[in-house]
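Database features, via Swiss-Prot:
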type: REGION; residues: 1-267; note: region 'Amidoligase domain'
type: BINDING; residues: Ser13, Asp148, Ile149, Glu150, Lys188, Thr189, Lys190, Pro191, Thr192, Gln193, Lys224; note: CTP binding site
type: BINDING; residues: Ser13, Lys188, Thr189, Lys190, Pro191, Thr192, Gln193, Lys224; note: UTP binding site
type: BINDING; residues: Ser14, Leu15, Gly16, Lys17, Gly18, Ile19, Asp71, Arg240, Asp241, Ala242; note: ATP binding site
type: BINDING; residues: Tyr54, Gly354, Leu382, Gly383, Met384, Gln385, Glu405, Arg462; note: L-glutamine binding site
type: BINDING; residues: Asp71, Glu141; note: Mg(2+) binding site
type: DOMAIN; residues: 292-534; note: domain 'Glutamine amidotransferase type-1'
type: ACT_SITE; residues: Cys381; note: active site, nucleophile
type: ACT_SITE; residues: His507; note: active site
type: ACT_SITE; residues: Glu509; note: active site
Amino acid sequence: MTKYIFVTGGVVSSLGKGITAASLGRLLKNRGLNVTIQKFDPYINVDPGTMSPYQHGEVFVTDDGAETDLDLGHYERFIDINLNKYSNVTTGKIYSSVLQKERRGEYLGGTVQVIPHITNEIKERVYRSGRETNADVVITEIGGTVGDIESLPFLEAIRQIKSDIGRDNVMYIHCTLIPYLKAAGEMKTKPTQHSVKELRSLGIQPNIIVVRTEMPVSQDMKDKLALFCDIDTKAVIEARDADTLYAVPLSLQEQNMDQIVCDHLKLDNPAADMTEWTALVEKVRNLSKKTKIALVGKYVELQDAYISVVEALRHAGYSFDTDVEVKWVNAEHVTAENVQELVGDTDGILVPGGFGDRGVEGKIVAIQYARENKVPFLGICLGMQLASIEFARNVLGLEGANSSEINPDTPYAIIDLLPEQKDVEDLGGTLRLGLYPCKLSEETNAYNAYNEPVVYERHRHRYEFNNQFRPDMEKEGFVFSGTSPDGRLVEIIELKDHPWFVAAQFHPELVSRPNRPQPLFHDFVKASITNKESK
């Protein structure tokens, strides 16, 4: 029978519930269990697809095209599984589904209420995740903080699941904070006690408490927490700030967290073999070289907006024993006059995805700098579109060339809507989303990176390269090295007379893993290191 683990958070948000859930998932997977994981977000948006990155951070896209929470990126990178649309559920999705059922008459004229209709829908999403993946263990992270009004239906639903399927099949893990008061020179357990009290008042008794802390937690403090929160002392797990995220699973294993979980859920599996993971962490902690990459974006104040890009750069660096330092460059501040000052000290330039016109001209200036100065360049999504526009303007001499997204009246729409997108008015869920094939041309940087004729990558965009400009750009050394299998859609572009200048319409960062870097990132970082060494 499938087992269910629920991870909740208390005291404050951003405690690392997602990393805790992902780390536990890795440990259980390494015990030979089939693990899946999901995130429940209490906000009323149907998905984060139309939310500002300043509000939410990155939108992570799954193979099947779901626009999801950035925590799913952590889950995929840690557990090394590909998640699906069932892995991220929002209040908006739940209510939308219930209201559609009500309109279809599925409730037989009954009064539709939070209990049982909303809670039943939530429970069904939990069970469905296990069914669809045939999982031994389903880990579900409940977003938000215990005490938030938005989380109440989710907490009630997970309380009911224990009654439905029995205590041996359900486990509750509560993540809290033990703050350190500098003036008093001591740590305080009271916020954790109150958070657990709040959770218990809702009918949920946590089986494990994971305490986030800056300082070591003494045995006396663990005993105190165990007493007040009614759990075993060994089930108080310390989650101290780590020098690398990938060290967290090892820290949890040292404290026997996965064994406590298996004992409670009556899972008789051998201990997790973390030899490879330990070697990875040792490598990460002892990188001997450095390279600096300029990330030219418009959301640089909130680095979570580019979290998968940064992780993919790091993963690529690990292959070369290199610590990749990201220099954050606000695209709105980049001009032809200061671009040398802003990116001149870096070994490679990356322009990530984005929407809208803010910061576009600064990105184009940075791309021109990379092209003219032979600096390794990687463009992603909008970065690929702007690389095409920069080339059209400055090499073909097409003054005013642009994307019809940015300037609908441009005389040269290098980037334009697909014909089937022209009449679409809704913004949510109407992009080209998810995994699509890309056919590569031999003897190109893209082919050399992948070493395969056809690759599959995840997309999130609406606008495409306008094929009427292809012949003229090819004549000038612009290479279309990756296309859709029918050749209609441009997927990857690069430059002939440049050490390494590649840009992709898809989002390669989404499939990178710490032990298996994404090929374009791998070769981009390699080219950046070569550039540094040649200076």
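For all residues, glycine too, the Cβ spot is worked out from N, Cα and C.
Listed in sequence order, the residues of the same chain lying 6 or more apart from Gly16 (ATP binding site) and placing their CB within less than 8 Å of its CB are Cys175, Arg212, Ala239, Val248. Listed binding-site residues: Ile149, Met384; maximum Cβ neighbour count within 10 Å falls on Met384. A strand conformation is recorded for Glu141 (Mg(2+) binding site) in the three-state DSSP classification. Within the set of recorded positions (Lys190, Arg462, His507), the lowest number of other Cβ atoms found within 10 Å of a Cβ is recorded at Lys190. Gly383 (L-glutamine binding site) counts 25 other C-beta atoms within 10 Å of its own C-beta, drawing on all protein chains shown.
In this structure, the binding-site residues under consideration are Ser13, Thr189, and the one with the smallest number of other Cβ atoms within 10 Å of its Cβ is Ser13. Within the model, the region 'Amidoligase domain' (1-267) shows a mean pLDDT value of 93, rounded to a whole number. If you take the CA of Lys224 (CTP binding site) and look 10 A around it, the recorded positions you hit from Thr189, Arg462, Glu509 are Thr189. Take the binding-site residues Pro191, Lys224, Asp241, Gln385: by the count of other Cβ atoms within 10 Å of each Cβ, the lowest one is Asp241.
Note: the CA-CA distance between Ser14 (ATP binding site) and Glu141 (Mg(2+) binding site) rounds to 13 Å. Considering other CB atoms within 10 Å as the measure, the emptiest surroundings among the binding-site residues Ser14, Gln193 are those of Ser14. When the alpha carbons of Lys188 (CTP binding site) and Gly354 (L-glutamine binding site) are compared, the span between them is 42 angstrom.
The two recorded residues Leu382 (L-glutamine binding site) and Lys190 (CTP binding site) have their Cα atoms spaced 48 Å from each other. Across the structure, Arg462 (L-glutamine binding site) and Cys381 (active site, nucleophile) place their CA atoms 10 angstrom apart. Closest to Glu405 (L-glutamine binding site) by Cα-Cα distance, out of the recorded positions Glu141, Ile149, Cys381, Glu509, is Cys381. Here Asp71 (ATP binding site) is compared against the recorded positions Tyr54, Glu141, Thr192, Cys381, Met384, and the shortest C-alpha distance is to Glu141.
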